[in-house]
Amino acid sequence: MAKDNLTNLLSQLNIQLSQDEHSQVEQTCVKLLDSGCENPADVFRRCLVAVIQQDKYQKALHYLKKFKHIDDKYGRKFALEKLYIFYKLNMPDEFNTLYTAIITDDLDTVLKKDIESLRGILHVRAQYCYKNGLYQEAFKIYQHLASHNEKDQDSQIELSCNERVPLSVATELMNRSPLVTPMDESSYDLLFNESFIMASVGKYDKAIELLEKALQGATNEGYQNDINTIKLQLSFVLQMVGKTAQSKEILKGLLQELKADSPFSLICQNNLNAFVDFSKYNTNFNLLLRELNVEKLNTFNLQTFTHEQWSNIQRNVLFLRLFNNVKIHSQESLLSRTFDKYSKLVDNVTLESYKTQAKKLYHHTTKTILSGTDGSTIGILLLTIQLLIIEKEWENAIRIGELFLNESWKSSFEKFNDSQAIVCYILFELYKIKGRNNSKSVLLKKLGSVRVQLSGKIQENIPFWKHVGFELLSMGNAKESKALLREISNFSKGDADVLVDRVVSSDSLDIAQGIDLVRDIDIDKLIQLGVKPLESSAKRSKNTAVSKVQKRKVLELKKKRKIKRLEKFLQGRDTSKLPDPERWLPLRDRSTYRPKKKQQGAKQTQGGAMNKKSEQALDISKKGKPTVNKKPKNKKKGRK
């Protein structure tokens, strides 16, 4: 692939020189600027272009500071070059300040005007948006540029690649607007980008097929950097389908070819360690962090990695440091803020029991939700629910999830976001585990109100609302389920969902059609992945924690049974007769006790009655002398 996707944007500068010639142009321009030339704006622009062609962006920034007086006076004439420098150096504040100064209108207004002079600015803006995670804006700009290329200002292949790049991360954007550029299998760049989309939607076999074609094309042209990039993506997709041996073989081969301190090598090392099952008790995390070369990783930023790559690397490092009991400081990311609170609440992440951790986080998260559901509340909530599920405290997990939704929907249902959708997914699963159909009905009713308030904006999260539609169907509410799924099918302009179409259609589904729908499902593989078959509530394991409500019901039932036993005991008894006040004393110690005549009292019982014969037997003074044996002793003769 090309080093950047801005080919022909800077072609208007009319500089097509070698590396040494670019350096000579740079030196000549600097001398002219120092001597005070007549047209400093044009000379300074040529100087910036020569430095950009050499990929010396820090040096370009140095010249912007050195010749600030020229920048202040003629800055609008080389605004494109300045934006490109800020984009490559990952300077978002400077980039946004300059961009808003150039384009004062909102994006939709600018795209409607279709100003030809802003085409280069929009290209750089789209690249910046993709690199910083603004995928929706990047996709919108790329689609506009691709659909307004009648004069062939840009390469059609590059526009096709650029349009597909945001979809590799945010595939749901295709639901709002289909692709405007066709697929051309002659370009391995386009095959590579298309494989990302296939992998994102779970079509891994198709992704592998496209990657193998792209790898063959890159090998034929001999671009080693592109070959390594395609191999890395191929190893990832092979790992996703369970072909770990092939994936490891590719990664090990890449590590042998690449330099140890290169960013590409560090990504391969991270992916190879993803196959290892770490233990928070036995793993030496200090050694692992050193092997991953985390210090070197932290020297890179978005200049080297994309937004998604950089986020994944930082998340992995945060997890390793958390289980290494290293202090984690709260930063911009949701995960770092969550781990910061978690490490403060828990004394020792690796040694403290999950039960204690779940109890601490449950009380803390409850207070946090009551004070507000915005910010990083969703992070600490998900961590709390995970710990509660590990300890099988299902009711507490349900209770805290419902509290989050109730507080979020306290004022209105209009502010529905991804955090609420995630909690709804979790609650549906927990309701299924506990068999709480009534609670599921209440949640579905609230989601119906949310759907009304959204006023047709459900296309922003079609997978979630499709899930809600099938949950309605499982509860027997076929009318609302069909209405929701019919609305979803109108938004789905891409691949048709056969199952949704069957539910929406009024035709009945016979046995043969049902068999065709499930013919390709691998049951054994689903069971291996942890999917449990449907079973009745009577067969479910009852070894679950008893909630407070269930405990109260059990106590009330015991109390009723006790009352019935007492009523049965009192039948045929004189209730007016008072109980014996000495009933707590032993029988022989009571004043009413009278022993039988022939019964001999116990000799060692304190306070026991004793007859006369027994007393005489114990009187030592009346005993006679012991009898003496008067028979002489026979003396045995000894042996001589």
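Here the Cβ of each residue, glycine as well, is placed from N, Cα and C on the backbone.
Marked as repeat 'TPR' by Swiss-Prot: 188-221. Residues annotated as compositional bias 'Basic and acidic residues' in Swiss-Prot: 574-592, 612-622. The region 'Disordered' feature in Swiss-Prot is assigned to 574-640. According to Swiss-Prot, the feature compositional bias 'Basic residues' maps to 623-640.
DSSP places the residues of the compositional bias 'Basic and acidic residues' (574-592) in helix, strand and coil in these numbers: 3 helix, 0 strand, 16 coil. Confidence across the repeat 'TPR' (188-221), taken as the mean pLDDT and rounded to a whole number, stands at 86. With DSSP classes pooled into helix, strand and coil, the tally for the repeat 'TPR' (188-221) is 31 helix, 0 strand, 3 coil.
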